[in-house]
Amino acid sequence: MPSGSAVWTERLEAAAAWRRTQGLWRERDTLQPGLVDFAGNDYLGLKDDPRLAEAQAAAAERFGAGAGASHLVSGHLEVHEALERRLAELVGRPRALLFSTGYMANLGTLQALCDSNTLIFQDRLNHASLLDGAALAGARSRRFHHRDLDDLERLLGRASAEAAKLVVSDGVFSMDGDVADVGGLAAVSARHDAWLMIDDAHGIGVLGAHGDGCVGHAHGVEHVPVLVGTLGKALGTGGAFVAGSDALIEHLIQFSRAYVYTTAQPPGVAAASLAALDVLAAEPERRQQLRDNIHYFRREAALLDLPLGDSFTPIQPLILGEGRQVMHWAARLREADLLVGAIRPPTVPNGEARLRITLRASHSRESLDRLLEALARLHEEAAA
């Protein structure tokens, strides 16, 4: 009989062998200088803005390199309080609550709100953190067809009228770039006495009249009671937040284990996020430049007959279908100093492996043309 260590060695080796044979092995790749990044989520080009770095350094000098404790012990600093106020103002909510990451915000919110008596209704293409949060809560989950309000209505109609019901959706879907019908989701939820939770990670800073996302001021707290946003994408820093009513935020402070039992965000990161919000408000031309880049890229890609998905956001999926072809294209692009995300199952459904191209306000027209020309060559080779 194998020893305990041998059992674990066999388990790890078997899992690794299976993933390799499926062509799904993941590897970290240290970002090298000289690459043009079309893989990350720095949509407004704020990550490298010196004003954010200066704010971060000044806060580290004033408050220290780290918070030193959780928010409920001694780690909640005035810079955190200021950031929560600004985020609540941005999205038109009474309050906001900081979390360490977007993944933890979703896990912690669903765990705090739901239990085995709760019914959760999720879009089939929701982010993994939302699915994991529902599982952690032990809630009963149903998945409705992607962006299909009729299917959601059908599932809600079959649910107990007395049960606590939560409808959950991405705002911008991270692998496809399409946007949820927030108004439609809110209307269906209201008809069935359900709350609506939107994870607007990829919408904050990009969509909305003032970068307030696909929810923001357009859909108030009475329509979307639970709003999640992140700071590590368009705002260029790190961390996340949940915004909503006083009652929601107090409930999360009391019951969200992902909030209670972790060290608070480093104060320098919070200060950099405040600086990012200042830039977002003062420089709307960044969002306009991003929109211009998206329009240009999609127009030129259509002329080249590239099979892009239907997206008006910075996320532009080029669906190739087979994982090995995706990896081959990504490697060829890398040889041309172009970094593009290669996305395979289980992150996306089988048969829908893709290049996930993400555009930024800071991408030059020359960089966009280089990418388009390289993709056109690969497309021609594949068709030959």
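Cβ atoms are placed via backbone N, Cα and C, with glycine included.
Unlike curated entries, TrEMBL annotations are predicted automatically.
Per TrEMBL, the feature substrate binding site maps to Arg26, His127, Thr347. Classification of Thr347 (substrate binding site) by DSSP places it in coil, neither helical nor stranded. For Thr347 (substrate binding site), the same-chain residues lying six or more positions away in sequence with a CB closer than 8 A to its CB are Ala128, Met175.
Thr230 (pyridoxal 5'-phosphate binding site) falls within a strand when secondary structure is assigned with DSSP. Under 8 Å, Cβ to Cβ, and six or more positions away along its own chain, Thr230 (pyridoxal 5'-phosphate binding site) finds Thr101, Gly102, Ala105, Ala201, Ile204, Gly239, Ala240, Phe241. The feature pyridoxal 5'-phosphate binding site is assigned by TrEMBL to Gly102, Tyr103, Ser174, His202, Thr230.
Feature annotation from TrEMBL assigns domain 'Aminotransferase class I/classII large' to 35-375.
Residue environment of Lys233 (N6-(pyridoxal phosphate)lysine) contains 28 other Cβ atoms, counted within 10 Å of its Cβ in all protein chains. According to TrEMBL, the feature N6-(pyridoxal phosphate)lysine maps to Lys233.
Rounded to the nearest whole angstrom, the C-alpha distance between Lys233 (N6-(pyridoxal phosphate)lysine) and His202 (pyridoxal 5'-phosphate binding site) is 7. A straight line from the CA of Ser174 (pyridoxal 5'-phosphate binding site) to the CA of His127 (substrate binding site) spans 7 Å. Reported as a whole number, the C-alpha separation between Arg26 (substrate binding site) and Tyr103 (pyridoxal 5'-phosphate binding site) equals 19 Å. Taking every pair among Arg26, His127, Thr347, the residues recorded as binding substrate, the greatest CA to CA distance is 18 Å. In sequence order, Ser129, Asp132 constitute the residues six or more apart from Tyr103 (pyridoxal 5'-phosphate binding site) in its chain with CB-CB distances below 8 Å.
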